[in-house]
Each structure stands twice: as structure tokens, then as C-alpha cells.
Amino acid sequence: MIKITDLEKYYRTEEVQTVALNKLSFDVREGEFVAIMGPSGCGKSTLLNILGLLDDPDGGSFIFNGIEVSGFNERKRANLRKHNIGFVFQSFNLIDELTVYENVELPLIYTGVKATDRKNRVHEVLEKMQIMHRRNHFPQQLSGGQQQRVAVARAVVNNPKLILADEPTGNLDSSNGNEVMDLLTELNQQGTTIIMVTHSEHDAKFSHRIIRMLDGQKVTENVLV
Amino acid sequence: MIKNYFKIAWRNIRKRKSVALINILGLALGFSCAILIFLFIQFHLTFDNFHKDSDRIYRFVSEVHRDHIAYKSTVPPALPNVFKNDYNYAEKVAKIIDRGEQLITVNSGATPQRYKPRTAFVEPDFFRIFNFPLIDKDFSDELTAPNTAIITREMAKKLFGDTSPINQTFIWDNKDTIRVTGVLKDLPKNTLINSRVFISFKTLQTSDRTSWIATESWTGTATSLQCFTLLRLNQDPLKIEQEMKKWPAKYHPEPVSTEDHYKLQPFPDIHFDSRYSNSINIKLLWILGAIGFFLILIACINFINISAAQSVYRSKEVGVRKVLGSFKDQLFRQFLTETFLITLIALIIGFGLSVLFLPFFNNTFNLSLSKNGLINFRFAGFIAILLIGVAILAGSYPGIILARIAPVLALKRKLTQSDTGSSLTRKILVTSQFVISIVLIIAVLVIGKQIKYATSSDLGYDTSTIVMVGLPETLEQAQLNTLKNKIVQSSNIKRVSICFTSPGAQTDGWGTDVNFNGNPKYEKFLIQSKMGDEDYIETFGIQLVAGRNFIKKDSVDEVLVNETFGTKIGINSPEELLGKPIKISDDYIQGRIVGVVKDFYNQDFHGTISPVFIAPAPDLWYNEIGVKINRKNTKEALQHIEQQWTSYFPNFIFEYAFLNDRVTEMYKSEQQFLSLTRLFSFLAIFIDGLGIYGLVSFFVAQKTKEVGIRKVLGGRVIDILGLFFKDFFTLIGIAGLIASPIAWYFMNDWLQHYAYRTQINWWVFALPIGCVLVLTLLIASYKGYRAATANPVKSLRSE
Ligand SMILES: Nc1ncnc2c1ncn2[C@@H]1O[C@H](COP(=O)(O)OP(=O)(O)O)[C@@H](O)[C@H]1O
Ligand SMILES: [Mg+2]
């Protein structure tokens, strides 16, 4: 499903040029659950942003579903992203001015789903995430675990083929963290491909394969199953 | 999607109420001004546009060619008759004599009721040329018989209450009984014709001193007479004017110059043709329109700056929306929708404010704008353009900034200032706001200064000690002299003169022809007349520079002239003028010059001092009494005058005016313009202030951390305030440098309308810049002081 080859990304500031990704290559097959680990600043988030088509690589190739996407313009990327990719962030990133329901509904609005279908779909997902009773609350009124469940609901509402999770349990205590990991595992078992950045060996064990990075490069790969 | 946009927009407004308030308040004020200005402009652009055959209606006017061209909005009274009877041009011709306020008495009930409505004398066809319909019927033979009148509905109600006015009578000027034969629908406000009582023209022929105007005379003209014609179809006014060019020579060779030219002024042009009377300068509309635009621009800039700065707070939302697949243009449209919503709220409030303040606006600025002007397609179009225009103007730039926020950055950390629009753009915008305000304040100062100059300069005659008292129209000389003697008999009265009018008038008409020293030809210039008795110059404090005053006698053979008369003739020594014969206006006055008076301002500061003569009137053409009083006992003096006056004229209304008020009155339109500019500049500054407050609040929030750190490091409060001042100081300085020449250019241009101009001093520029500076510093210090004195530990922790 994903094939990256010699991926490069630099950041230039006035004084220095940082190499965030240095000729990074790996594949992810459909249905896989991959964990990416490495010390802070090694390029994990940068990688995820490129995989999520939020950012453009400076070099190398990125083939998504058999199409080379590294040269795509912003509009094409947005189009591809909204139909295929869901995101889960460490800091949840819910829109504060929208209710739980409205946050989860948003991806459906952008993909042009009809209002009645939207309602059914959002209810379905909220039920599944067990957050239905909170649908008219605003994010600030929820606990961290609840917020992350809303974020997961939002990520999956469009039935994406790929979910990208950047330290999804980083801001959660262990029981809430486990709950989120269970959700992700369940989604994976239903066929969604998942790539997750994590600092936690515990969380990484939920995956099939761990890619370890250092200074923008892949160091090792452990296959767990 | 739209629903979602509105929802989030509304929640954002509620979440950051103070920001929304600043934006909405600024825009609403701008809108309400724009709406009022719209009404004002619409009022003038639709002036007299409701007459059916407007394109065939013309006013007869004259160009008087002497040493310069004088434009008169009238013609000799015989001309319209010739035009109608001897030629085949006109379908209808009608004259109207506007006599201003006339005394009208209704003898109903125990005591007679007296009114002074504006009254005109009109020929019957007048109302067939113009579209002022009667109530319930068409014109038939109204105004054909002498001593009949038609009056407006409003006037009918005033005079006769609820009883039917038809065939009721009133008494005009205590002499003629006039019968009402018709009632007009109330005249609209935006018309040249503003009388309330229209008496048949024929009434004038039987009596009255204006009777000469009513006859077939080619000598003399009076602006109170206006003549209109409705041309037949397919007439070429230019050809007619060619024919009329021959008329001065044909009908009245001397002293009228054969170069004088009678013309047809298209009726729709009258309101804006400032050469002739009854017009306004169309530039005024442009200026007001521009001011309205600039007020809105200031409010838009506030919106742009504040929204751009605030986009920091929106970055997460934008980032998330992009992650979820939103396109740039969707985000842009979302923000435009929000702006649209805010603009709409502001517009509704602005509309409410303008309706609320309309009566106040009318009152303060002496206007008569109506709410009805807001119910038409023109206004709907204006509002739509305003709404969409402002939403796009204010929303585009912040919209672009928001839409181009990179999601990766937005989600990673809070954005910095540089991500929210360039600071150069913001500086340019803020500077242009300052420029607008400073220009407006400079304008206020210069206009005010010119008015002060014109009203408080030494005019060459006294104004502060003189009371002008009106006289009834029909009088006898003996009667006047005894009244004068009675008034003088009080220690509070210093001097009394019976005269036609006071020395200064707003514009002193065009004057009359004068013949000097028995020369074969009349002079190339016209002379102004100041008719008054032998006490005229003493009462008004006009100084003699040569010779003596004229002596009271039965015939008029002694005349005073002013210095300018000598200059025009080419005789610079006043003594040389003495004893020379002078003939005025076709032998109306013949005499010798016995004295020369120092020049005084015979008209307002728009016009230069004209050649003037002072002489007693040969016929009884006196209008007023000038009374020099002891201002220490003003009340007693006025009481005394009123007592004497009313005992002589028990059936008339006593009216008086201080001469200095009359001088002030000459600058009424300037005063009005000044009040308007003052209001608008105040609003501009206020909206500016709102913007500064908004920006400073935002920067303070951003800098709280920095300020906190500095305090920990031992910075003093004053250093910290310096952070805020430095930027604004430079911007206001630059704004001052840009605004001053712009304002100088426009105000200098404006001053060119005056023959006598005030100086534009340095402080006219310094003061506004100082004002803006002080205001900005006050706002910045208030906000800055609060930040600077906040507990540093607290502000560090909150980040
Ligand atoms: N927008 C940016 N500008 C400059 N440098 C950046 C930017 N984003 C990331 N970096 C740098 O790139 C490197 C990789 O960052 P990141 O992908 O966020 O690492 P990780 O997520 O593994 O902690 C780091 O050295 C970081 O400082
Ligand atoms: Mg990271």
C-alpha cells in the first residue's frame, strides 16, 4: 500500500539546515499495523506528515496505492487524504468551537456526504467509541481519554484505508491509553492499515512490526507476528 | 457547509466577544455614517426630479457682461411676456416672485392669529409646468383672479385647523384679503420651491412696492423674480438663445450692455450650477461620499488587522480542517462567510443607529432628510454593495492568511506573528488609518479657522452693538421718522438708522450701472447700493476718509462712495472724487459725491469688496432699522425698541436680529460643513482608537511573557511601556508626513473659494498629529501598564 524510497526532508532556518529524513525507505502492506519508534527529533512526525500528505518530501519517492504522490499539489493531496487517511494526534486536535458530534461530522462534510447519511454514520461511530452520550459536549468538557476517543471516531468516520497515529497515548494515563490501543487494534483487525508513532514499548507491542529510527534514518526493523 | 461555517463563526464571535465588539462597533459606526451620507447625497441627486417634462423646463437667466461676468438667476420682468407672446417657442411660461416670509393674519376667534410663512406670487401656469398637484382635483382656473391663493395642506391645517380651507380668507400684510381657492399636496423637501403660500400674481398689480416687477418692465431686475418656461416639443434651446442674444439691444439699449445675454438654464441643472443662485456645489457630495468611504475603510482596516493578528488563535482549527481534507479555497470561503456574518450584524446595527440618529442628524446639521429615502431600490442596491464590498474588502486578506497556514506548523506549535501576515502590511494599514484621521482633523481646524477669521475680523463696520429690526412693508416717511425719534429716546440707545439693509450681505447681488462725472458711457463695472438715512454711517460705524456725510433733505442729490469705487474709476485720491456728479441706474439717483468712506466688507469673505455707494432712498424702500445699543443693558434696550415698535405697528410681528448673528449666519453652510466634518473626524478617531485598542490588547497578550521576563530581569515599567510606544510613534510620524501635504492641498484648494483667507499655520498640522499621538499613547499605556505591572510570576506561568 505504501512504498517509500530514499525519502528526504530538510528544514532550513537562517543559521542551520536540519536533515529530518535522510534517504529513508520502507514498505507497508495493506492491513498492516506498524509502529515507529525513535528518540525525540529523529524525524518520526516529519515522516508521518509526509505519509499523511500534509507535507511534501524534498527528495525520494512515495508511492501510495500504486500512485507516485510526491509531486502532487496541495489540492490533489487534500483530495487523496480526505478519502483515504485518518489522523490521530497526541494532543487530540479537536476543534474547540465544535461539539463532539460536529467534530466527528466534519470529515464527512469535506467528502460531501449527504446530511442524513452523515447523521447515521456519526451516530454509528460514536456508539462504537462509546461516546454517544457526550455528543453535544464541547471538547473542553471531556476528559483526555474521552477526547482521544472522539479523535479516533473522527479519524475513522470516513472509513479510511490508512490511519496515522502520532503518539496517540502520549497524553493519556495507562488505562485510557490501553483503551485507545484496543480501539486501534480492533480497527486493524477489521482491515484498516495503521502506522503509529510511539515512545512506549508497551504500545508498540500491539503492532505487527516496529521500525526504529535515528537521525532521519531507519536503524532496525522487528517483526512481532 | 454554509451552516457549519455560520455555526463556527457565531461561536467564535461569542468566544472572543471584545474582539467582535471592536469589529462590529467600528463597522456599525462606519455604516451608519455611510447610510446618513447616502441619504444626504440621494436627497441632492434627486432634487426636483419628479417633474414630468423636466427636460423641456428651463429657467430664464442672465449673463451680465461688465468688467467680469455676473450670473443672475433672473431676467427683466418683461422678458417672459415677450417670449410667450411674440415668439412661438413656449408651451407655457410662468413667473414666480418669492417674497420670503410674509405676514398672514387669520381673523378667526377672538384674537387674530398671525403667521409668517414663506410666500410666493405665481402665475397660473406655474403649477402646470411643475408637478405640484392639488389635493383631490386638477388645476382649472386657480390663481387667475387677483386676491386668490392656494396653500399647502400643512399650511391649511395651521391656518384653518380642521375646517375646509376652500373659500376661507386670510389677510396678507395687513392690507389685502386673500381667498383660498385650492390646497396643494405638501411639497417635497428636495425642491427649489419652498413656499407654503402661493398668491395669484395679479394680486401684486393692484398695490405693493414690488408692483414694478409685475409689470412689463425692461429696467431693473430682482432675484426674487424667477421665470420658467416649458418649451414646445423639439425646440432647440441653443437656437432660442441665439435669438435672445439680440434682445438687450432691441428692447433696452442703455445702460444695459449689448453684450448681456439672456439664457435658458435647463431645469435639471439648477441645483448644481453654482454660477447661479439656489445651487449647491456638487463637490460637497463628492467630499462627503469620500469621507463615508474612508470611515468604512478605517473600520475595515481595524477588522483586517485584528483578524490577521487573531488568526494565531484560529491556526489549530485551520490545521485540523486541512488535515481533514479541506481545500484552501474552502477555508477562504469559510472566513469570508464569517466576515459576511459580522458585516451583516454591523450593518443591521448601523442601519438601526442611522434611523435612530436621523432626527438628531437633521436637527444638528439643519437638514431635512427623510426615512422614506431608505425605502427604494437605490438604497437596497447601496446596502447590497456595502455588505458585499465590505465583506470582501475586510475579509480577503485575513482569509488568505488563514487559508495559507501550513497544517504541519499549525498543529505543532502556536504560530508567531510572521505567520499571520507581514508586519509591514499591518504597519501600512495602521498608518493609512492615521493619515485619514489626521487629514480630517486638519480639515476641521482649517474650516473652523476660516470661519473664525471671517466672523471675527474687523469688517469695517460694527456688528456686536447693533440690532436690526424689521419694518412692515407699507409705511410713510413721517411715520418712520417719529418711530425713529421715539426709539432714540432712551439712554440705552446710542444711534438709529432707517435703512434698506445692513452694510454686509452674504452676496451683494450684482449691483446697478453707474455713470461717473458725466462721462458719455456708463462704467464697465456695477455698483452696490446701501440705502440708508443720514445716520447710516454713524450707526454702523463706517468711517469717512474724505468729505462729509450727506445732509438730510427731501430730494436725493448727495451720495457717498467707498474707496474701491475710486480705485475702479482710476482715481486713487479720495479728495478728487468729491463734488463729482454721479448717476446711478438709469437716473434712479442723480447727485454729487460728497464723501468717501473707508472700504468695509460689503459681502462675505467669498467675494471681494465691491464699489459701493451710500445714499438715502428716493422712494420709500426701507426695510429695516439699525439700532446701536448699549450692550451692557441689552435687555432693557430690546424691551424699549419692542415697546415703541409695537405701539406703531400693533398688527405686525416684531422681529429683530443682532448684526453679529447675521454675520455668522452668512457662513451657515460652512458651519454645517464644519459640524459634519467634525462629527466624522471624531468618529474616524474613535474607530481608529478601537483598532489601536484591539491591536495593543493582542500584542500585550503576546508580549506578556516577554514583559514578564524583563521584569524579572529588573526592567522598569517605563522601559516596558516603551515597547508599545516605539512602533506607534514612528507610524504616526510617517502618517503626519503623508497627511500634512494631502490636507494642505485640499484645504488650500478649499480656501481658494474665498477672497479673504486665513493662514494655514504650522500648528494646524501639529495639533492633529499631537492629538492622535496622545490618544494612541493613552490607549497603549493603559493596556501596557496593566501588563507591565502584572505579577511577573503569574504571566510566566500562564504561558
Ligand atoms: N518546521 C520545522 N522547521 C525546522 N525544523 C524542523 C521543523 N519540524 C521539524 N524540524 C526538525 O526536524 C527534525 C525532526 O523533527 P520531528 O519530525 O518533529 O521529530 P520527532 O517527531 O521524531 O520528534 C528535528 O530536528 C526538528 O527540530
Ligand atoms: Mg514528534
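In case you wondered, yes, glycine gets a Cβ from its N, Cα and C as well.
Not measured: the values here are computed from a predicted model.
Per TrEMBL, the features are as follows:
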- B:21-209: domain 'MacB-like periplasmic core' (DOMAIN)
- B:290-406: domain 'ABC3 transporter permease C-terminal' (DOMAIN)
- B:435-639: domain 'MacB-like periplasmic core' (DOMAIN)
- B:679-792: domain 'ABC3 transporter permease C-terminal' (DOMAIN)
- B:20-41: transmembrane segment (TRANSMEM)
- B:284-306: transmembrane segment (TRANSMEM)
- B:340-361: transmembrane segment (TRANSMEM)
- B:381-407: transmembrane segment (TRANSMEM)
- B:428-448: transmembrane segment (TRANSMEM)
- B:679-701: transmembrane segment (TRANSMEM)
- B:728-747: transmembrane segment (TRANSMEM)
- B:759-780: transmembrane segment (TRANSMEM)
**Prompt:** Counting Cβ pairs under 8 Å to the transmembrane segment (B:759-780), which of B:284-306, B:340-361, B:381-407, B:428-448, B:728-747 comes out on top?
**Reply:** B:728-747
**Prompt:** Is the count of Cβ pairs under 8 Å between the transmembrane segment (B:728-747) and the transmembrane segment (B:428-448), pairs 6 or more apart in sequence, 3 or more?
**Reply:** yes
**Item:** the transmembrane segment (B:679-701) in contact with the transmembrane segment (B:284-306), cutoff 8 A, at least 3 CB pairs, sep 6+
**Value:** yes
**Message:** For the transmembrane segment (B:428-448), give me same-chain residues lying six or more residues beyond its boundaries with a C-beta closer than 8 angstroms to one of its C-beta atoms, as numbers and ranges.
**Reply:** 291, 294, 297-298, 301-302, 304-305, 670, 673-674, 677-678, 680-681, 684-685, 688, 691-692, 695, 731-732, 734-736, 738-740, 742-744, 746-747, 750-751, 758, 760, 764-765, 767-769, 771-772
**Complete:** Whole-number mean pLDDT, the domain 'ABC3 transporter permease C-terminal' (B:679-792), equals 82
**Asked** List, by number or range, the same-chain residues at least 6 past the transmembrane segment (B:340-361) whose CB is under 8 A from its CB atoms?
**Response** 6, 9-10, 13, 20, 23-36, 39, 303, 367, 369, 371, 374, 383, 386-387, 390-391, 394-395
**Request:** For the transmembrane segment (B:284-306), could you work out the same-chain residues 6 or more beyond its ends whose Cβ comes under 8 Å from its Cβ atoms?
**Result:** 19, 22-23, 26-27, 29-31, 33-34, 37-38, 40-41, 44-45, 339, 342, 386, 390, 393-395, 397-398, 426, 429-430, 432-433, 436-437, 440, 673, 676-677, 680, 683-684, 687-688, 690-691, 694-695, 698
**Prompt:** What are the helix, strand and coil residue counts for the domain 'ABC3 transporter permease C-terminal' (B:290-406) according to DSSP?
**Reply:** 102 helix, 0 strand, 15 coil
